[in-house]
Amino acid sequence: MPVPKAELHLHIEGTLEPELAFALAARNGVDLPYADTGALREAYRFQDLQSFLNLYYELMAVLRTERDFEDLADAYLARAAAQGVRHAEIFFDPQAHTARGVAMGTVVEGLWRALERWGSPRSSEAESGGEETHGVSTRLIMCFLRDESAESALATLDAAKPHLHRITGVGLDSAEVGHPPAKFREVYEAAAALGLRRVAHAGEEGPPEYVTEALDVLGVERVDHGLRCVEDPALVARLVRDRIPLTLCPLSNVRLRAVDTLADHPLPEMLDAGLLCTVNSDDPAYFGGYAGDTFDAVRDTLGLGPERLRELARNSFLAAFLDDDEERRSRYLAEVEAYVFP
Ligand code: HPA
Ligand SMILES: [Zn+2]
C-alpha cells in the first residue's frame, strides 16, 4: 500500500493516455494524425515546454462531450487512488476547449460527474475488482492560458460564473517565458473578489522574478513548480519564512528538460533548505508516471529516506485547499504519520 498523499499539480488534460485518446477519437469521429497508440507514444519526446504543449493541445481534439470529460477524470482518479492519492486538486484549461467550440459547462459538468462519484468512499469488491480502494476528495482549479490575452482570461472567468460552486480556485499555465504573471493582475483581482483561491505556474522555465511577481502581484497562495527559485537565495528565504508551498513535478522537469536528469533535481537541497515542497505528476500520461510513480522515482533516484517521503506526503495535505474541511485534513495527516514505509 503506497503512502497516502494529495496531488496538487495535475492537469486533467495531461492524463489523456493514448489508449483513451484513440477510443474517444473513434467515438467522436475525430481523425488523429497517428497510426496507432505506439506511433503516438513515439511523439512523446519533448525538447521543452512548448514542444510538449503542441501535442497536449492537439490531442484535446478528441474531448468533445460531457461523457468524454467524465471518462477522462474517472480514469485518472482510478489510477491516482490505486497509487495512494486521497485528495486531488485538479487543473483544467477551459480556453483550450471553448476555443474549439466545447462549452465551459460541458467541461465542468462532465468532470464533476466523475469527481462526485469518487468523492464518496468505495470499497465494494464488485467495483474495485477485488482490490480495496478508497474515495478521493477533490477540488477543481481553472487555469488561464498565459499565452492568450488578459481579455480572454477575463472572458473565461466570466463564462465560469454559473459554475463557480464547482470551482475552488484559479491557476495560470501554458507557455511561461514572455508571459509574466503581472499580465493577469486584473483577472486575479476579480477571482479573489469572487472568493476563489489563487495559484500560478511560475519558475518552471521562467526566471525567479516570475515567482516573486506571482506572489506580489497575483497574491498566489501556492506556487506551481517554482523550481527556479533556487537561483535566488532571498526568494528561497522568503518562501521558507512565509511557508509558501511549491508543487514540484520532478518527472515533468526531466521530460521538459528543466533539469538534465532526475539525479540532478534539486529536491533534496530544497527540502534541506526548509522549503515546503510537494511532488506531483503534472501531466502523467506524457511524463511517465502518476503520483505514486513519482514518489518511487524520487525515493530511488534521489535517495530520499522514509522521513523525507513522510515529509512530502505531510506537506501535500498541509498545502491542500482543505481549509473548509479541517477534520478531513486531520484524518489524512494522521494516516501519513501512522504509515509504515516498507
Ligand atoms: O507543465 C506545464 N507547464 C505549463 N503549462 C502546462 N499545461 C499543462 N502542463 C503544463
Ligand atoms: Zn503544470
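Using the three backbone atoms N, Cα and C, a Cβ is placed for every residue, glycine included.
What TrEMBL lists as domain 'Adenosine deaminase' is 4-329. Summarising model confidence by region, the domain 'Adenosine deaminase' (4-329) averages a pLDDT of 96.
Other Cβ atoms within 10 Å of the Cβ of H9 (Zn(2+) binding site), summed over all protein chains shown, number 29. According to TrEMBL, the feature Zn(2+) binding site maps to H9, H11, H201, D282.
Here E204 (active site, proton donor) comes close to L49, E176, D224, H225, L227, R228, N253, L256, A258: these same-chain residues lie at least six apart in sequence, with C-beta atoms under 8 angstroms from its C-beta. Sequence annotations record features per position, and here TrEMBL assigns active site, proton donor to E204.
Reduced to three states, the DSSP call for H225 (site 'Important for catalytic activity') is strand. The annotation site 'Important for catalytic activity' is assigned in TrEMBL to H225.
Cβ-based neighbour count (10 Å, all protein chains) for D283 (substrate binding site) stands at 24. Residues or ranges marked as substrate binding site by TrEMBL: D283.
Recorded residues H201 (Zn(2+) binding site) and D283 (substrate binding site) have their alpha carbons 14 Å apart, per Cα-Cα distance. Taking a C-beta cut-off of under 8 angstroms and a sequence separation of 6 or more, H11 (Zn(2+) binding site) has the following same-chain neighbours: Y56, F91, F92, D93, C143, D173, D282, D283.
Same-chain neighbours of the Zn(2+) site beyond H9, H11, H201, D282, judged by a C-beta within 8 angstroms of the site's C-beta center, are, in sequence order, L10, G14, F91, D173, D224, H225, T247, C249, S252, N280, D283. Under 6 Å, Cβ to nearest atom of ligand 2: this is the test, and of the recorded positions E204, H225, D283 it is passed by none.
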